[in-house]
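This report concerns only the one structure given below.
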Amino acid sequence: MRKIVVAAIAVSLTTVGITASASADPSKDSKAQAAVAEAGITGTWYNQLGSTFIVTANADGSLTGTYESAVGNAESRYVLTGRYDSAPATDGSGTALGWTVAWKNNYRNAHSATTWSGQYVAGSEARINTQWLLTSGTTAANAWKSTLVGHDTFTKVKPSAASIDAAKKAGVNNGNPLDAVQQ
């Protein structure tokens, strides 16, 4: 009887040890979360004005891709580079990310750059919510107005022409602080 009890205790302890070691390895949860973020971020995204953001989220936390603006004087696609949190929180928070586009390509050099910073939010209606800064080269006297500020929400669903027109008419994201003063 004693041998049976000892064997039963040994089996129980082994089971507890295996269960504890499987759940005590947070790196497995983190790796799974990172893979979900990587797969979710990668793809084609559209903002409310119809600009197209094509991105690849790499396992090392880098972002690479192109950006095609639907507004301003930008022509064709521009290279983008950025970073994302490749070890995101596992508490349901968004995944922090950011990228930059220098508005120079084979067609045009606008002597400006835009940086977006925000969060990727996973789910059935995945989105990337961002704030952006657009800085243009200016003279020292005009440096005070060299940077515009705005926000974009990107989704994987291209907006309709009607919703783009409505956003433009509403003045969404023109980023010019002087427009608010002049109205």
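Glycine is treated like the rest: Cβ placed from N, Cα and C.
Note that the structure is predicted; figures quoted are calculated from it, not measured.
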Identity of the biotin-site residue among Tyr78, Tyr84 (reference: Tyr67, Trp116, Trp132, Trp144, source: Swiss-Prot): Tyr78
Per DSSP, three-state class assigned to Trp144 (biotin binding site): helix
Helix, strand and coil counts within the domain 'Avidin-like' (37-159) (DSSP): 11 helix, 66 strand, 46 coil
Taking residues Tyr67, Tyr78, Trp116, Trp132, Trp144, which bind biotin in the record, the widest Cα spacing (Å, whole number): 27
